[in-house]
Amino acid sequence: MSSISIALPDGSKREIASGSTIADLAASIGAGLAKAAIAGKLDGELVDLSTELKDDSRVEIITEKSPEALTVIRHSAAHLMAQAVKELFPQAKVTIGPAIESGFYYDFDMDAPFTPEDLERIEARMAELAAANQKIERRVLSSSEAVSLFSGMGENYKVELINDLAAETVSVYSQGDFADLCRGPHLPSTSRIKAFKLLSIAGAYWRGDEKNRMLQRIYGTAFADKKELEAYLHRLEESKRRDHRRLGRELDLFSFSDEVGAGLVIWHPKGAMLRTILEDFERREHLKRGYDIVLGPQILKKELWQRSGHYENYRENMYFTEVDEQSYGIKPMNCLAHMMIYKSHLRSYRDLPLRYFELGTVHRHERAGVLHGLLRVRGFTQDDAHILCAPEQLDGEIKGVLKFVSDVMAIFGFEYEMELSTRPEKSIGDDAAWELATEALLSALKDTGRSFEINEGDGAFYGPKIDIKLKDALDRRWQCATIQCDFTLPERFDLQYVAADGEKKRPVMVHRVVLGAIERFIGVLIEHYAGNFPLWLSPVQAMLVTVTDNHIPYAQGVLEHLREAGIRVQGDFRNEKLSFKIREAQLQKVPYMLVIGDKEMESATVTPRFRDGKNLVAMKPEDFVAFVVEETKNFR
């Protein structure tokens, strides 16, 4: 029998019989690897263990410890769930069921709604099917054969998918009596699906189109073992406890109202104070770094949006209004007014770089189905800046922004990850401009000394970019800072400066945000801190609590003194038990409760008590002011 040569990840070569599969290769390396293998990579493509090898292929064996393992496990768990649903609810029609970042889902068309009790039944049946150790097999059928197969099963959604693929052949995966249209790959048998949990039910339109039929989506998750699953479920419970929508109500920070409109935030006094603190912090930090604060109008003429390209490419996400028979666009971003500021004067190379910063409120039409508390809204404020500089200044400006981001993330206690997205196939601008911008971004990233990923071809059509994702207390990733080079707007708006040689040249433009949308960042902060904001960020830093009504006059004087000193303080002078008032303040996550009783009134002091129950020594009100100033001095 002839043999073929296979390249392994360590660079070694291995001879194996022609016609062998990836499973055969794993077995030839060792019994332990054969047992651990769940899939393979053939020339960089994730495939089943049953895939036949080719000569001179590069092969990697995927085990449960591999980064790609969860994708395969979760995809197979989605099929297992669909199989269980079909057995328990034969009338259900299956549609699509992919693996996603945190688990998997499957969409079903069924008249009767699924209930929480149904999820328990489905999960129990999944466990039985997994224990049955059914072999998962892949077949390649002609499209006509596949249409015949799924038509016979009454699965009209699968028939629609096959017809839309317009391919000569398709792959079908089977386990027991269940078959599904799928590219794979999958585990070799159902017994390899060992730890899973069904989580929730939601609605979803077929193919994401609101004009199509509403389906029922079941979400679940799966892991390699029960320990990992339990850890994830614990994090999930913790994320529910930290949910900013719940905490926003409980802490009286913000609300939404159908009478006002979907995705439009109403900030209550404490939420507005939190936002004000954050915005004041942003202004100070930008001024320290040489930015000029600017403000643009909320609406701009439609012709300006046409000139910028937004009308052509972004119109569906914009809101428009008519004023004196003139059409205006409500701004979805802040850049156009900044362009007009630049154009208001003839610029010299000596003026550059110019850094325009605006806490600009924008409006974007997001579909109702994707709105989510503060994290996805229709009206929001960005810490938006545009840097206009000479090409030779670009490298230094990018490094400055990355240092800015690093400083700010450290203040809030966030770790973060960075990604560089390079030129896509469809792009504008000449090669030299792209090379200059990409090299500047790459150089700045390397200069940080931190690791980063490169997403080849994932940049915007008008320039490369750096995306920065922060990691919160639950190790979740959130997009925040972005640094984006733009070759389009300087060209469209004919931005120029007079260079040292007297020639007019085009400046380089950088869009950048540090926190991103203020609303979204506050939502992330609420969940990161679980509402326990650090002292400098807390909308209420201290709560004065009296023991009896006799202490109210003294407490009123202390309240006024603290407010005059700039402390954000409130008073609870109700005729309630002290323990009740302290508990109320703790539930509101106020950092300090200042107890005032006979002893404090006689000695003209207050007794601070931290929200975790720890008491400080009694002190004069002015000493408490000094204490707060010292604790927050780095953020004022």
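Cβ atoms here come from the backbone N, Cα and C positions, even for glycine.
Small disclaimer: the values here were computed from a predicted structure and weren't measured.
Features as listed in Swiss-Prot:
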type    : residues         : note
BINDING : C335, H386, H511 : Zn(2+) binding site
DOMAIN  : 1-63             : domain 'TGS'
REGION  : 243-534          : region 'Catalytic'
Around the Zn(2+) site (C335, H386, H511), what further same-chain residues have their C-beta within 8 angstroms of the site's C-beta centre?
M333, N334, H338, Y356, D384, A385, Q484, D486, L489, M509, V510, R512
List the helix, strand and coil residue totals of the domain 'TGS' (1-63) as derived from DSSP.
14 helix, 28 strand, 21 coil
Inside 10 Å of the Cβ of H386 (Zn(2+) binding site), count up the other Cβ atoms and send me the figure.
25
Average pLDDT across the region 'Catalytic' (243-534)?
93
Neighbour count (Cβ, 10 Å) for C335 (Zn(2+) binding site):
22
Using all protein chains in view, find how many other C-beta atoms are within 10 Å of the C-beta of H511 (Zn(2+) binding site).
22
